[in-house]
Structures are given as C-alpha cells and as structure tokens.
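Taken verbatim from TrEMBL:
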type: ACT_SITE; residues: Asp205; note: active site
type: ACT_SITE; residues: Asp410; note: active site
type: COMPBIAS; residues: 29-40; note: compositional bias 'Polar residues'
type: COMPBIAS; residues: 45-54; note: compositional bias 'Pro residues'
type: DOMAIN; residues: 187-540; note: domain 'Peptidase A1'
type: REGION; residues: 26-58; note: region 'Disordered'
Amino acid sequence: MPPPPPPPAGAQQPQLHGVVIITLPPSDQPSKGKTITAFTYTDDAPPPPRPPEPVMGYPAATQVRRRPRRVLSTRRVAAAALVLGALAVAAYYCFYSDVAVQFLGMEQEEAQKDRNETRSFLLPLHPKARQGRALREFGDVKLAARRIDDGWRKARNKMEVAKAAAAGTNSTALLPIKGNVFPDGQYYTSIFVGNPPRPYFLDVDTGSDLTWIQCDAPCTNCAKGPHPLYKPTKEKIVPPRDLLCQELQGNQNYCETCKQCDYEIEYADQSSSMGVLARDDMHLIATNGGREKLDFVFGCAYDQQGQLLSSPAKTDGILGLSNAAISLPSQLASHGIISNIFGHCITREQGGGGYMFLGDDYVPRWGITWTSIRSGPDNLYHTEAHHVKYGDQQLRMREQAGNTVQVIFDSGSSYTYLPDEIYENLVAAIKYASPGFVQDSSDRTLPLCWKADFPVRYLEDVKQFFKPLNLHFGKKWLFMSKTFTISPEDYLIISDKGNVCLGLLNGTEINHGSTIIVGDVSLRGKLVVYDNQRRQIGWTNSDCTKPQSQKGFPFFL
C-alpha cells in the first residue's frame with residue numbers, strides 16, 4: 001500500500017498536548033499527602049518512515065536499527081524539574097526539619113503541630129558600666145554550688161517571708177545582652193516579673209541553676225541595685241512540698257514543718273546568696289509578636305555576701321540557665337512554651353552587647369559544630385576536650401588519662417580558667433614565642449600582663465605575635481576536627497597602662513585546677529547553642545549584631 005501523500009502546504013501539523021492532574025488529600029487526613037499525574041498526547045500519529053531506495057542502481061543496504069535519539073522535550077524538562085524539586089524538598093525535611101522525627105517514631109500530625117506552634121523569645125544582652133576597679137576584683141566567676149543545712153534553716157526560719165508579707169507548645173524568646181568583659185565585667189539582660197510587670201536586670205549565667213532577684217523579705221544584706229527590691233506577698237512563697245523545692249534542696253533536706261523553701265547558694269568566687277523560693281508571673285514577648293505569661297519559680301534573695309554585696313550593683317540578681325529543672329529554660333520547656341534549647345551571641349565590638357534566645361528558632365540549621373554534653377555531679381554544661389593546643393604545640397597534662405580534659409561552658413565567668421599544668425605550659429609557650437614582651441608586675445589589671453617594646457593601643461597592634469588556643473573535641477564525619485578556637489583577640493586584653501594582659505587564668509585560683517572553664521572573654525564572636533533536648537553544645541562564628549531566624553527553606557530552594 002503506498003504511503004499517504006504529504007499534507008498540503010499550510011496544513012496544520014499534529015499538535016502535542018499535555019495534562020497535569022494534582023490531587024489534594026482530604027482535609028481531615030492531611031498525612032496522606034498529595035499526588036501528581038502527568039501525561040501527553042498528539043492529534044494524530046506521525047507517518048511511518050519511507051523504505052530505503054536504491055542508490056545509483058545498487059540495491060539498498062539493509063536498514064540498521066538504531067536507538068531513537070532522545071529529544072530534550074518540554075515534558076522531560078518538566079518531569080526532571082519536578083523530580084529534582086521533590087528530592088530537594090525531601091532532603092531539606094530530612095536534614096533540617098522537625099518532620100524527620102517521624103522516622104524515629106513520632107506521628108506526622110504531632111510533628112506538624114509542634115512546628116506550627118514553635119515560637120522564640122529574643123533578649124538583648126547589655127554591658128555593665130565600669131566601676132573603676134581592677135578586673136581581678138570583680139565577681140567574675142559563678143559556678144554555683146547549692147548548700148542547705150539544718151542549723152542554718154532553723155536560724156533562718158525565724159525570718160519567714162510570711163512575716164514581711166503580713167506587714168504554644170514551644171516558643172523562642174530573643175533577649176538583648178549588654179556587657180563588656182573589659183572593663184565592665186559580665187553580661188546581663190532584663191526580664192519582667194510580677195503584676196504589673198516590673199523590670200529586673202539579671203546576670204546571664206549558664207553556670208547557675210536558680211534565677212534569683214534581690215528581695216525585700218525583709219532584706220538583711222542587699223546591694224543597691226538599679227531597681228527597687230522585689231517584694232513578695234504571702235501567697236507567692238513556695239512551700240517545701242513543691243517539686244521544684246525538692247529538686248533544689250534534695251529529698252534529704254525535706255522539712256515537713258517548714259512553711260517556706262529555703263536555699264543558700266555559694267559561688268566559686270566565695271560569694272553567696274541566701275533566700276526563699278517565690279512564684280510569680282514572668283512576662284515574655286515572642287519574636288512572632290505573641291505574649292507569654294509563665295508561672296515562674298525563682299529565688300527571693302534577702303542575704304548576699306562577698307562581691308554580690310558590692311554597691312552600687314549594676315544588676316538585680318542572676319538568671320540561672322543550667323540544665324537543672326528549676327532553671328529558666330527548663331521551666332519554660334516544662335510548661336510547653338519552648339523547646340529546651342537556648343543560646344547566646346556576644347559581640348566583639350566596642351561597647352559589648354549581643355543577644356540571647358530562648359527556643360530553637362535561632363539555631364542554625366547548618367554550619368554549626370556540635371559536641372556532647374557529659375553527665376556530671378552538677379547541672380553544668382560539661383564537655384570533654386581530647387587535645388588542647390597553642391598553635392601547633394600540644395599542651396599536655398601528665399596526670400590526665402589520655403590527655404582528655406573536662407571543659408565547662410560558663411557565661412557567668414568573665415574569664416577563661418585553665419588547669420594548672422596547662423596554664424603553666426601555655427605561659428611558657430607564649431614567653432618562648434614572644435620574647436619581645438616583658439612581664440610588668442606593677443600592672444594589677446590581671447595576674448599576668450606584659451609590656452611591649454613599642455606603643456600598644458589596640459589588640460590589632462599585638463595579636464599577630466600570639467597564636468590561637470584550640471580545644472579539640474574529636475572529629476565529625478571521620479575527617480573534620482571539632483575545634484573550639486580561642487583567637488588571640490578572645491583571650492588578650494589591653495590595660496589602661498598599654499600592656500597586654502592574659503585573659504586566661506589559672507583554675508587553682510577558684511579551686512578548679514583540673515577543668516577548663518570557658519568564660520565570656522572566649523565566648524565573644526560566637527553563637528553558642530545549648531541543646532538540652534539532644535544534650536549537646538554547638539557553636540559557630542558570628543558578628544552577633546543581627547539575629548537571624550532559621551525557619552524556612554535553605555537558600556538554594
């Protein structure tokens with residue numbers, strides 16, 4: 001049968017058509033997902049190929065079957081884009097989204113609910129004003145230790161606060177931090193407590209369990225602070241049977257006849273605070289604009305000793321951020337307001353400051369280095385470094401098994417403290433590598449200050465003569481080292497005399513001769529995250545000037 005004649009000129013060619021059908025899930029069963037169906041068709045089939053004809057009288061060669069050449073059609077491009085987009089979305093949710101927890105046993109509906117209700121609180125950090133004292137005179141390390149004894153309780157029970165009184169799930173808060181390691185001391189933020197809400201400035205302290213505010217109960221020894229003392233009423237006093245009281249005191253200190261929950265906290269710098277637990281409203285504004293009111297348990301502190309009694313004080317108390325049940329993050333998490341995650345970011349800029357967040361909205365989804373939180377006898381953020389190096393030189397501890405050393409991250413300490421042997425080896429290494437600096441014993445800014453043989457005004461003038469101190473926490477992905485780097489600008493301070501002072505101190509001064517305590521001086525220029533849910537600490541470099549919410553898709557989607 002002869003082939004059909006070709007279509008006349010101007011006749012319409014067969015058209016290619018495509019159809020895409022998207023089926024949405026039922027509104028009451030969103031977990032079923034949606035389906036996408038796509039297909040194409042033409043108006044008519046193309047004509048069959050012509051048989052080969054003889055060439056110059058010779059019979060035509062047998063036709064060789066060839067695989068049809070694939071044409072990059074619109075349909076294929078669309079299908080490839082659809083597949084790549086689906087893979088990108090799947091990869092995102094596997095690595096960066098809470099939906100991935102469904103593979104660990106959580107129902108998809110619960111994961112979606114948690115993600116939709118997550119909010120965060122953002123608080124500014126502020127610098128303390130200079131008080132004209134040498135840095136070593138400041139109460140620059142906290143690391144609280146609780147102490148309750150029956151004799152003290154019996155003596156203090158006579159001063160019951162009742163006597164003075166008779167006269168979402170998951171949010172994130174972002175709080176600004178103010179503070180300056182030199183010359184201002186620690187960092188603080190502000191919170192609002194009571195009805196009506198009243199502001200209080202509190203030191204940001206990851207080394208303390210309990211948040212406490214100076215209190216008129218009446219006050220026996222209180223520093224003159226920036227705000228009036230908190231004055232509790234009788235119904236605000238926490239009884240001993242309260243679970244948080246028992247967690248703070250320990251079951252062995254439970255007192256059935258007591259009418260209040262007493263406590264005393266001693267700090268590594270020999271200062272102390274004594275008081276009773278109170279319960280009142282804490283007011284927070286979430287970063288999405290929502291307001292939260294937390295039934296908050298804190299310390300009503302009426303007797304301060306040591307440097308906590310120094311007046312005028314720049315703060316009204318301490319904000320406890322450890323992983324204890326009574327800490328602020330744990331209380332917020334137990335009420336279902338946030339995930340038990342928080343972090344802080346302290347800028348290196350002149351004037352200090354930064355921010356702190358409560359919740360997980362500001363936790364980077366990538367680019368952060370994580371190390372595990374190790375269990376200890378307290379609620380501090382313990383980790384373990386495998387090696388400590390000054391530049392390429394390893395600083396060993398002969399008595400430490402396997403050269404590992406315990407590390408505590410403590411925002412309540414202005415400086416970083418090293419074990420005695422590591423400190424001595426570091427000082428020797430610095431003196432050997434920088435012979436042009438001579439110790440100036442007359443400079444009392446810090447225990448060790450050097451005078452250069454040229455004028456020094458800024459850290460930029462001298463930092464090239466010093467090396468970074470690196471804490472190595474093992475490896476990630478088998479080949480990348482998990483390293484916390486303390487750059488020279490994060491441990492050196494220029495004194496008023498123009499000397500270079502070492503902001504790394506000997507831990508024996510605070511009875512921590514075998515532990516590294518990473519304080520504010522070495523936390524600057526880093527976003528540090530404390531994840532109490534997964535029991536890990538993470539960090540990444542940051543200028544700490546503008547908080548960035550990490551919700552949403554990665555930049556490449």
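Every residue gets a Cβ built from N, Cα and C, even glycine.
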Distance check, please: Cα of Asp410 (active site) against Cα of Asp205 (active site), rounded to an integer number of angstrom.
7
Taking all residues of the domain 'Peptidase A1' (187-540) together, what is their mean pLDDT?
90
Other CB atoms, at most 10 A from the CB of Asp205 (active site)
28
Around Asp410 (active site), how many other CB atoms lie within 10 A of its CB?
26
